[in-house]
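Annotated in TrEMBL:
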DOMAIN    29-291  domain 'NADP-dependent oxidoreductase'
ACT_SITE  63  active site, proton donor
SITE      91  site 'Lowers pKa of active site Tyr'
BINDING   124  substrate binding site
Ligand SMILES: NC(=O)C1=CN([C@@H]2O[C@H](COP(=O)(O)OP(=O)(O)OC[C@H]3O[C@@H](n4cnc5c(N)ncnc54)[C@H](OP(=O)(O)O)[C@@H]3O)[C@@H](O)[C@H]2O)C=CC1
Ligand SMILES: O=C1CO[C@H](CO)[C@@H](O)[C@@H]1O
C-alpha cells in the first residue's frame, strides 16, 4: 500500500488513466498475461500490483492461466490491495462465441479469477469456430459470427453488473460500424495490435471519433520481432535516457491509447511502469511513427484460414483490406 501511494506521488497521475464512455476509468498501463507460464504468472501479478503500482491485469480464458492469475490477485488482496482499486480485463474465446455459450464461458472466467465481476469483458475475435476446430481450421469449422446475438449476451453482463464495461478486440472499423448501429450498450474499448511498426492509424481515428477507447496489444512488438532494436527506437531511447521498452510504451500513451505489455521478469515489469515521468517530443513521436515496413505481428491467420484456402484473400476481407 505504502509503495503504491509513493508511486502516485512520483507519476503524473492525470496521465495514468483514460476515461471510458461509461465514465469508468481504464489504467493507461496494465500487465499482459499471454504466454506467462502458470507457475510464473502468479508472482508476476502479485509483484505488478503490490510492488510496482500496476492497476490493470489483462487476461483471457485462452491464455490457460486465469486460475493462477486469480491466485496472484488473491495474494495481492491479502497484502492490502482493494478490488475496487484495480481493473481486470478478460476475453470471451472464439469457441464460445455463440449466444447460448457466453454466460457459461464468463462464469468459468470469473470463477477461475476468483472474482465476482470483471471491469472489462471483451469479445476476443469476431470469429466463431466449431468447438472441435483444428488449428488451422478445416473447411466447415469456421462458422458465421453472429455479431448482434453475441453482443446482446455481452450487454446482459453489464445489466447484471457482472462486467462494468464491455468491448471488443480485433474489430475493424467496418465491423464496429455494424455493431454501433445495432447495439443498445456501445462498446467501451477495442483492443487491437498497435506499436510503431503497426500504427493502425485509420482504426485509431475511427475509434476516437466514435468514443471507443483503444488498448494496444503487443506494444513491444510481441516476443517474435526486432522492434526494440529498430534504430528509431534505440536512438530515441538513448537521447531521452530511457529503455526501448519505455519509449514504445510511452509512444502509445501519448497517442491516447492504453497498453498492456507482458513480462514475467520482475525487473522488466518494474521498468515498463516507468513511463509517466517523461515526454517524447512531437519530432521524436514522428520519427518513431516513420518505422517501415508497417506489418502486423498477429494476423490471426491460424484462427481464420482453413487449410488449403487463399490466406491473403481471407485476411484482406477480414481486416478491411489492411494487412
Ligand atoms: N486481444 C488480443 O487478441 C491479444 C491480446 N494480447 C495481450 O497483450 C499482451 C501484450 O502483448 P504480447 O504479444 O504479449 O507482447 P509484448 O509486446 O507485450 O511483448 C512481450 C515480450 O517482450 C518481453 N519484454 C517485456 N518487457 C520488456 C522490456 N522492458 N524489455 C525487453 N523485453 C521485454 C517479454 O519477455 P519477458 O516476459 O521475458 O520480459 C515478452 O517476450 C499479451 O500478453 C496479452 O495480454 C496479445 C496478443 C493478442
Ligand atoms: O490474445 C491472443 C493471444 O493468444 C491467442 C492464441 O492463443 C491469439 O489468437 C490472441 O490474439
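Using the three backbone atoms N, Cα and C, a Cβ is placed for every residue, glycine included.
Feature annotations (TrEMBL) mapped to structure.
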residue: 63; record: active site, proton donor; Cβ neighbours (10 Å): 21
residue: 91; record: site 'Lowers pKa of active site Tyr'; Cβ neighbours (10 Å): 25
residue: 124; record: substrate binding site; Cβ neighbours (10 Å): 21
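Cα-Cα distance from residue 91 (site 'Lowers pKa of active site Tyr') to residue 124 (substrate binding site): 5 Å (rounded to the nearest whole number). For the pair formed by the residue listed as 'active site, proton donor' and the residue listed as 'substrate binding site', distance between Cα atoms is given as 11 Å, rounded to the nearest Å.
Mean pLDDT, taken over the domain 'NADP-dependent oxidoreductase' (29-291), works out to 97 on the 0 to 100 scale. Secondary structure at residue 91 (site 'Lowers pKa of active site Tyr'), as computed by DSSP, is strand. Mapped onto three states, the DSSP output places residue 124 (substrate binding site) in coil.
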